[in-house]
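J.: Please see the structure below; I have some questions.
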Amino acid sequence: MKETIAYLGMGMWGFSLANLLANNGHRVVGWARNPALIEQLSVQRRHPAAPHISIPQNLSFTYHMEEALDGATMIVEGVTSAGMRPVLTQLKALTELRVPLVITSKGIEQNTGLLLSEIALEIFGRPAAQHLGYLSGPSIASEVLRGCPCSVVISAYNPDTLKQIHRAFLTPTFRVYPNSDLKGVALGGALKNVIAIACGISDGFRFGDNAKSGLVTRGLHEIRKFATIMGCRPDTLNGLAGLGDLCTTCFSAFSRNTLFGKLLAEGLTPEQAKTKIGMVVEGVYTALSAHQIATHHRIDMPITTSVYRVLYENLDIQEGIAQLLQRDTKEEYL
């Protein structure tokens with residue numbers, strides 16, 4: 001069965017998935033708030049961040065959300081974590097949620113500490129859980145656009161919703177694996193961005209592959225410990241939503257979070273680094289939320305804490321590195 005899909009958010013990530021869904025035979029209407037972007041997509045049939053990609057005819061665009069929702073059998077969002085609440089609030093004003101809503105963004109809301117899925121449930125109410133889905137995993141947008149092989153996970157509370165979303169996204173090169181642990185899938189995608197900043201700092205100081213692999217491994221341990229205390233399944237974090245996404249983000253040349261960390265190591269301030277990158281660096285905001293939650297629940301997360309202190313307490317990076325290296329080496333999995 002082919003879907004009529006409203007895709008909310010036409011940044012590089014949103015466009016890559018909207019393009020994939022259209023190439024998979026679905027009718028897709030992409031929405032964004034920026035009229036200039038929508039006009040360029042509609043008239044030139046090219047995305048400014050990916051001008052080499054031809055847009056299929058069954059992918060159209062609008063900056064009127066109600067037009068995107070007209071006849072939609074599925075809604076997919078691809079906005080930033082900061083944009084999640086206002087976009088879903090606008091969506092709630094236009095429709096009750098009676099079709100699947102697929103979250104594809106990764107992050108934790110500032111101030112509230114809510115996962116993006118929890119924001120959706122707060123806005124639409126607990127009964128909307130039956131329509132909620134979450135897609136995550138190692139999926140660099142530029143590679144998805146090129147049709148490179150990619151494996152992700154999709155999670156949902158309702159088995160029928162899970163099957164519908166799985167069917168819509170699955171292609172010969174975009175491998176979609178079901179996972180029933182929605183919260184674990186969401187947390188893995190959010191927390192890995194903080195570890196990626198630490199890996200970028202390591203890259204900036206040319207500490208080498210041994211140090212970076214150590215950060216990834218110990219970072220995964222932090223993520224798994226955090227998620228388990230939050231009620232998630234540990235094995236979820238050993239899979240695509242945890243280890244897989246963490247590896248891609250920490251080692252990819254296209255990772256904003258890793259580049260951000262590298263720029264910090266080169267002497268830029270956090271604000272200067274964000275300005276130079278010119279796009280949202282989700283790990284900056286997740287570091288604050290994760291630190292607050294970890295502190296409240298007394299979860300020991302030394303790498304995450306160090307990144308937080310560099311970003312929000314002006315901790316000297318060299319001092320932060322020294323503190324990490326001076327920690328006691330306890331039993332590995334304690």
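Placed from the backbone N, Cα and C atoms, the Cβ positions cover glycine too.
These numbers come from a predicted model, not from an experiment.
Pasting the feature list from Swiss-Prot:
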type	residues	note
ACT_SITE	K192	active site, proton acceptor
BINDING	W13, R33, K106, A141, R256, V280, E282	NADPH binding site
BINDING	K106, G137, S139, K192, D245, S255, R256, N257	sn-glycerol 3-phosphate binding site
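Structural setting of the listed features?
T.: Residue density at K192 (active site, proton acceptor): 33 other Cβ atoms are found within 10 A of its Cβ, drawing on all protein chains shown.
Annotation note: R33 (NADPH binding site) sits in a coil segment as assigned by DSSP. Sequence-distant neighbours of R33 (NADPH binding site) (same chain, 6+ residues apart, CB-CB distance under 8 A): Y63.
D245 (sn-glycerol 3-phosphate binding site) is surrounded by 28 other CB atoms, counting those within 10 A of its CB over all protein chains shown.
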J.: Which one, from the binding-site residues W13, K106, V280, has the smallest tally of other C-beta atoms lying within 10 Å of its C-beta?
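T.: Selected from the binding-site residues W13, K106, V280 on minimum Cβ neighbours within 10 Å: V280.
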J.: Looking only at DSSP and grouping its letters into three states, which state does S139 (sn-glycerol 3-phosphate binding site) belong to?
T.: coil
J.: Could you check the binding-site residues S139, S255, N257 and say which one's CB has the most other CB atoms within 10 Å?
T.: N257
J.: From the Cα of K192 (active site, proton acceptor) across to the Cα of K106 (NADPH binding site), what is the distance in angstrom?
T.: 9
J.: Return the member of G137, S139, K192, D245, N257 nearest to W13 (NADPH binding site) in space, with distance defined Cα to Cα and candidates limited to these recorded positions.
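T.: Looking at Cα distances from W13 (NADPH binding site), the smallest one goes to S139.
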J.: Measure from the Cα of V280 (NADPH binding site) to the Cα of every one of the binding-site residues S139, D245, N257, then give the nearest.
T.: N257
J.: In which DSSP state, out of helix, strand and coil, do we find R256 (NADPH binding site)?
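T.: Reduced to three states, the DSSP call for R256 (NADPH binding site) is helix.
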